[in-house]
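Encoded as structure tokens, here's the structure I'll be asking about.
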Amino acid sequence: MMSTTIPTIFSTDEHISLNPSNNTMICAEQLIGELLEGPSGRIIWGVIQIILMALGDIGNILTLIVLNRRLMRKGGINNLLQGLAISDIVAPTLACIPHIIYYYGPRTNDSAINFINLYVMPLATGATFCSNWIVVTITSFRLTIVLKPLYSQLYCSSRNEKKVLIIIFFFSILSITPYYYYQSHADALNVLKVISAILSLLVPWVICVILWILLLRIVNREIGSKKSREFILHSEIITQRLKSKSRITKMILIICFCNIICQLPVLILTILGLINDNPCGYISAIFFVCLLFLSNLLLIVNHSINFFIYSLTNTKFRCALKIMCRYCYSYYNHRIIQRQMTLATKCDDQQRKGFHQKKLDLYIRSNSKSNDSPPIIITMRLLNNISKQNRKKSGPVAV
């Protein structure tokens, strides 16, 4: 549950000694408050976690773009992977907002942080709920495809994927709605935390472990090294399909394994927080705070790592990503060349205008010897016309 894994920001002015001799005076909240102000908390929560969040958001956005390419639309579990990418964008982004405000916002930000903890963090909890159950659905769909390939088109169709996503989203909304209704009831909130921890963390984690073990055994039996020799007996098309099937299954195994490992510290921290959310004593407080740091980092990593898993394990995804990058690069070069051609055309036009102007000036200068020449030419023509008229009036000269 995100609300139990994201630390509450404390602002305290008292100095707390970390001397082990005062172990009865140290509690987890006090230690968190001092570490948040210290360099270690600033580096982990204020720098590393925000950088991981930004990289994860970029990777998930690229995943959405690649999955909507024509090459990837017909792939299996495409809709589920898109839903997982969206939930992986929402959950860490909302979870890092308190840290950004605390470390980079104004000092008088207690009201903003309290507002975010009350109204925004439940949305992060709902996004984590969606992410965990989508991973469970992806693994179960893949298990169905491997076990019952003839029924896979019936039960694992794109329409059923959309239905499952709608159901998960609906239950995630139901799971966070009571947080807004029972904000002032401490006992009710504790009960809600227990229910949310069971539904959004414990149950999907246990199901993921069971599905991962089953799928791993099936992969070792059906698509392992023993069956790899049988690829030679099939045609090239069937061989490529079998290899693609094994690669997709291995990709989902890696996704499920990363989810199990990254969610384990979060699950332990949630259980300890439900038992005692502020343990006192030097060893207990240090263990709780270290587990809090580790769970937050692994939670961000869990939401950010899927893009790299797809890129390393899925050839089709990698090919679509390369095509998209080449298209963007060629489009960028085309825009640069177009701008250069536009600038060259403007320069040519200016040069042509300047050339014609110079040519006109030379023509005018060549036809006019001085500034007085035009009036002289006009007077000469007038005199010639008058002399011709006089000759006509006088008639022919007698010999």
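Cβ atoms are placed via backbone N, Cα and C, with glycine included.
The transmembrane segment annotation in TrEMBL covers 43-67, 79-104, 116-143, 164-182, 194-219, 251-275, 281-301. For 59-310, the entry in TrEMBL reads domain 'G-protein coupled receptors family 1 profile'.
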Given a Cβ distance threshold of under 8 angstroms, which distant residues of the chain, six or more beyond its ends, lie next to the transmembrane segment (43-67)?
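That would be 7, 36, 73, 75, 78, 81-82, 85-86, 88-89, 92-93, 95-96, 99-100, 102-104, 293, 296-297, 300-301, 303-308, 310, 317, 320-321, 324.
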Decide whether the stretches the transmembrane segment (79-104) and the transmembrane segment (251-275) have at least 3 CB pairs under 8 angstroms, with pairs required to be 6 or more apart in sequence.
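Touching, no - the transmembrane segment (79-104) and the transmembrane segment (251-275) miss the threshold of 3 or more Cβ pairs under 8 Å.
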May I ask you to check whether the transmembrane segment (194-219) and the transmembrane segment (116-143) make contact, with contact taken as at least three Cβ pairs under 8 Å and only pairs 6 or more apart in sequence counted?
yes
Can you work out which residues elsewhere in the same chain, 6+ from the ends of the transmembrane segment (116-143), have a Cβ less than 8 Å from its Cβ atoms?
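For the transmembrane segment (116-143), the list is 1-3, 6, 8, 76-77, 80-81, 83-84, 87-88, 90-91, 94-95, 97-98, 101, 155-156, 161, 164-165, 168-169, 171-173, 175-176, 179-180, 183, 196, 199-201, 204-205, 207-208, 211-212, 214-215, 218, 248-249, 252, 255-256, 259, 263, 299, 303.
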